[in-house]
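Presented below is the structure to which this report refers.
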């Protein structure tokens with residue numbers, strides 16, 4: 001019997017999502033205006049934030065752009081925020097959006113080189129612990145110069161490459177045959193082998209993701225909010241690194257040691273070994289590629305390596321905004337490697353654009369948080385403390401909010417509030433500088449707890465690889481837990497023990513950094 005029009009509309013609504021999920025989103029859309037108009041805009045704002053987090057948590061049931069987008073459109077429509085505020089948020093974060101559009105696409109054209117390097121890593125080194133440490137430290141190093149999103153895009157590209165090679169061969173095809181690696185119906189696949197390989201890839205992706213947080217917190221180009229904090233404090237690349245180092249260096253060592261421990265003792269879903277048969281396929285693929293590599297192919301790798309040098313130099317010296325450097329990577333890589341037809345170019349943008357749209361929706365929710373002043377009580381409470389305790393409170397408050405909200409937003413809001421406190425004479429300039437360190441480390445480190453806080457984690461969760469290797473929201477939170485605990489505690493101990501203040505004094509005495517005055521930043525442009 002044919003469905004009625006109302007039934008057909010319900011079936012079409014959010015597509016293949018479970019019925020309970022569709023009902024939940026519909027309930028949210030009914031409840032929100034009632035709360036806003038008849039209870040309190042403040043309560044409605046926090047409920048909206050929780051609902052949006054729910055859509056992110058259910059990313060594998062339905063991509064968050066649609067349900068989150070509906071909630072955001074309604075929020076603007078009923079007056080929780082305004083279209084101009086949403087546009088202002090997007091303008092303030094344009095660099096992040098350009099980064100997603102261009103840098104991620106640029107990395108797509110460097111995949112051959114990356115696959116070559118990481119394949120060598122996996123095929124030449126048999127110890128899982130050493131491979132894990134290599135992926136974690138390589139991600140940390142790269143994230144100090146590249147944005148964490150760029151690095152995670154690299155690792156995702158590598159993981160998809162490995163997965164598709166294995167899937168193709170295990171499905172009875174040769175390396176050169178066309179194949180759909182997302183197909184779940186292939187009969188030749190050995191399920192136990194496939195599950196073990198999925199677990200192995202999950203381990204490497206999570207170690208890499210944590211690595212991006214460990215490296216990303218250290219420098220002003222590592223994360224988008226670092227750029228905003230550095231701009232407000234008028235710090236250059238070297239000074240930013242030195243001021244952060246009393247917290248970031250102990251955390252880096254602790255993070256790498258945690259990577260070793262979880263692999264050694266096979267806890268929290270780590271310790272999965274690469275099956276022998278899969279290792280053989282990847283080794284055979286590497287040998288096949290090496291033996292069939294023409295001079296043309298070799299020159300492609302050389303060009304990609306040179307572009308990689310330009311990429312790191314351009315970002316480290318901040319020669320242009322991140323997105324524009326990404327655009328230059330696209331142009332150079334395609335021009336010198338002969339990729340000139342539009343269809344081939346288009347594929348590079350498929351991975352990043354849905355996430356770019358999702359981030360724009362995210363900024364609408366940020367608009368609600370700002371307009372309804374949802375974080376104001378927390379910030380005023382934190383400013384009520386003094387001295388070292390104030391630093392600890394700011395670190396913890398930042399950390400808790402970064403676990404549930406985007407850390408770019410949290411860092412931006414806090415640094416502006418602290419700057420306002422400096423301008424009104426509530427705090428000294430030296431205390432402002434210490435608070436900037438507490439805010440930066442607080443937004444970057446505890447936020448690894450959930451995909452909501454780290455844009456790189458959210459990108460991983462909503463990427464094409466996540467469903468293939470069964471990486472769900474809950475599993476990411478569980479696998480990140482040992483890191484969350486260690487990074488958060490080591491970070492707070494570095495501040496609470498007075499180590500940050502003492503080491504900062506040493507840096508002043510040795511004249512590696514200088515005392516700034518409040519006048520320096522009175523003219524700085526506010527991020528929001």
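Glycine is treated like the rest: Cβ placed from N, Cα and C.
Residues annotated as transmembrane segment in Swiss-Prot, with sequence analysis given as evidence: 28-50 (among others). The list of residues near the transmembrane segment (28-50) in space but at least 6 beyond its ends in sequence, with Cβ under 8 angstroms from a Cβ of it, reads 70-71, 74-75, 78-80, 365, 368-369, 372-374, 404-405.
What Swiss-Prot records for 67-87 (among others) is transmembrane segment.
The transmembrane segment annotation in Swiss-Prot covers 98-118 (among others). Tertiary proximity for the transmembrane segment (98-118) is limited to same-chain residues at least six positions away from its ends with a CB under 8 Å from its CB atoms, namely 147, 149-150, 153-155, 157-158, 161, 224, 289, 297, 300-301, 304-305, 307-308, 311, 321-330, 333-334, 337, 339, 347-349, 351-353, 355-356, 359.
Look at Swiss-Prot and you will find 140-160 (among others) tagged as transmembrane segment, backed by sequence analysis.
With a cut-off of 8 Å between Cβ atoms, the residues of this chain six or more beyond the transmembrane segment (240-260) that come close are 129, 132-133, 136-137, 140, 207, 210-211, 213-215, 217-220, 226, 230, 433, 436-437, 440-441, 445, 482-483, 486-487, 490-491, 494-495, 499-500, 502-504, 507, 512-513. What Swiss-Prot records for 240-260 (among others) is transmembrane segment.
Listed by sequence, the residues of this chain that lie at least six past the ends of the transmembrane segment (305-325) yet keep a Cβ under 8 A from its Cβ atoms are 94-95, 97-99, 101-103, 106, 110, 113, 145-147, 150, 221, 237, 332-333. What Swiss-Prot lists as transmembrane segment is 305-325 (among others), and the listing cites sequence analysis.
As annotated by Swiss-Prot, transmembrane segment applies to 350-370 (among others).
Here the transmembrane segment (391-411) has Cβ contacts under 8 Å with residues 49, 53, 93, 96, 223-226, 228-229, 362, 366, 369, 375, 378-379, 381-382, 385, 418, 434-435, 437-447, 449-450, 452-455, 488, 491-492, 495-496, 500-501 of the same chain, all six or more residues outside its ends. The transmembrane segment annotation in Swiss-Prot covers 391-411 (among others).
Annotated transmembrane segment per Swiss-Prot: 449-469 (among others), in sequence order. Only residues 6 or more beyond the boundaries of the transmembrane segment (449-469), in the same chain, are considered here, and those with a CB under 8 A from a CB of the stretch are 53, 56, 59-60, 63-64, 96, 148-149, 151-153, 156, 159-160, 163, 181-182, 198, 201-202, 205, 209, 212-213, 216, 224, 351, 354-355, 358-359, 402-408, 410, 443, 476-477, 480-481, 484.
Residues or ranges marked as transmembrane segment in Swiss-Prot: 476-496 (among others). Within the chain, the transmembrane segment (476-496) has long-range Cβ neighbours (under 8 A, six or more residues past its boundaries) at 202, 206, 209-210, 213-214, 246-247, 250-251, 254-255, 258, 261-262, 267-270, 388, 391-392, 395-396, 399, 438, 441-442, 445-446, 448-451, 457, 460-461.
Outside the transmembrane segment (350-370) by six or more residues, the chain places 45, 48-49, 52, 63-65, 68-69, 71-73, 75-76, 80-82, 85-86, 88-90, 93, 96-97, 100-101, 104-105, 108, 153, 156, 405-406, 409, 413, 455, 458-459, 462-464, 528 with a CB less than 8 A from a CB of the stretch. Nonlocal intrachain contacts for the transmembrane segment (140-160), taken as residues 6+ away from its ends with a CB within less than 8 angstroms of a stretch CB, comprise 99-100, 103-104, 107-108, 110-111, 114-115, 118-119, 181, 201, 204-205, 208-209, 211-216, 218-219, 221-224, 252, 255-256, 311-312, 315-316, 322, 326, 351-352, 454-457, 459-460, 463-465, 468-469.
The list of residues near the transmembrane segment (67-87) in space but at least 6 beyond its ends in sequence, with Cβ under 8 angstroms from a Cβ of it, reads 14, 21, 25, 28-29, 32-33, 36-37, 41, 44-45, 48, 51-52, 55-56, 357-358, 361-365, 367-368, 370-372.
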